[in-house]
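Comments concern the structure below.
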Amino acid sequence: MKVMKKLLCMNIAGDGETSYANNSGLQKVMMSKSLHVLDETLKDIIGDHVGFPKCFKMMDMGCSSGPNALLVMSGIINTIEDLYTEKNINELPEFEVFLNDLPDNDFNNLFKLLSHENGNCFVYGLPGSFYGRLLPKKSLHFAYSSYSIHWLSQVPEGLEDNNRQNIYMATESPPEVYKAYAKQYERDFSTFLKLRGEEIVPGGRMVLTFNGRSVEDPSSKDDLAIFTLLAKTLVDMVAEGLVKMDDLYSFNIPIYSPCTREVEAAILSEGSFTLDRLEVFRVCWDASDYTDDDDQQDPSIFGKQRSGKFVADCVRAITEPMLASHFGSTIMDLLFGKYAKKIVEHLSVENSSYFSIVVSLSRR
């Protein structure tokens, strides 16, 4: 298997039609749903001004290469400065911002989005896996991640013979598959917490938003449907002679959507952080349930065909590197065209949504 770090990046085609940068609107919608937790966490940090650092160091883990990466970090800086103004604190802090993602991330495209005049803010690219150490011990005040830590460090072992014709957990998967994914998640999330616990100063904070599962039963149909439909598309292409059966049998996506109980248990067991807040929310696959005055988004314009393409393009932006590496790049347009049609059929009979979890943590 090729090095997983090279395959777990988003579609890095700069600002092309299928790039993550141009297909991350759904992530922006999801991020906006969790911003109130981020704001409350920042208010808690500023609440006790005594000892607040003159240089506030923060990190965005899994920043990718689109405009969303800068949206949250700039929002954090603006919020902190506004809170200082409200408290009549004249001397604003300086900021060091570390933008982290895997080495193949398009950092060049990301830094092109930066303003040439950053004032009191200093921004650095930080390539590397967040399942490894990224910064010196006790050097970070705040860490943030949005829709990244549900990605596993590797495909769980032992799936090839147990999960045929599926590319992720599915309702037809045997119990061994669910156990393998859960075990890999527990190991990875515990490692993640331990490493961030080493890097973040005592009393520092961390806010994480990620895909979750609405029920404890891992075979829940709605929570698995997005990848089940992609698997069915590949099965159809095997029948048409467009994909090799062995290639399908040997492919599984390294992702896991935990339930809230698993998240709470992992945080408690690892012990570096206190769980201050946990919230959940849903967003429709095509984001048609979301309206925002700034975006002037009208849910009525989401027809079935557009919804299918929107969902397929979003999934393509986050999965194409690993799919193209395994099945070949020449079938990607055909694959996601067929996938979009299956999405249309699915949404015509079911109103599916993504289930998200957001947590706010304090370093003990």
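Note: Cβ is positioned from N, Cα and C throughout, glycine not excepted.
Since this is a predicted model, take the numbers as computed values, not measurements.
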Of the candidates Asn162, Asn163, which one does Swiss-Prot list alongside Phe251, Asn252 as binding Mg(2+)? Asn163
Quick note, His150 (benzoate binding site) and Phe130 (S-adenosyl-L-homocysteine binding site): C-alpha atoms separated, nearest Å, by 12
Given the binding-site residues Cys63, Leu102, which one has the fewest other C-beta atoms within 10 angstroms of its C-beta? Leu102
Spatially, and counting Cα to Cα, which of the binding-site residues is closest to Asp101 (S-adenosyl-L-homocysteine binding site)? Options: Gln27, Asn163, Phe251, Asn252. Gln27
For Asp101 (S-adenosyl-L-homocysteine binding site), just count the other CB atoms lying within 10 A of its CB, please. 27
For Asn68 (S-adenosyl-L-homocysteine binding site), identify the closest of the binding-site residues Asn163, Phe251, Asn252, judging by Cα separation. Asn252
Spatially, which candidate from the recorded positions Gln27, Tyr144, Trp151, Phe251, Asn252 is nearest to Cys63 (S-adenosyl-L-homocysteine binding site), comparing Cα atoms? Tyr144
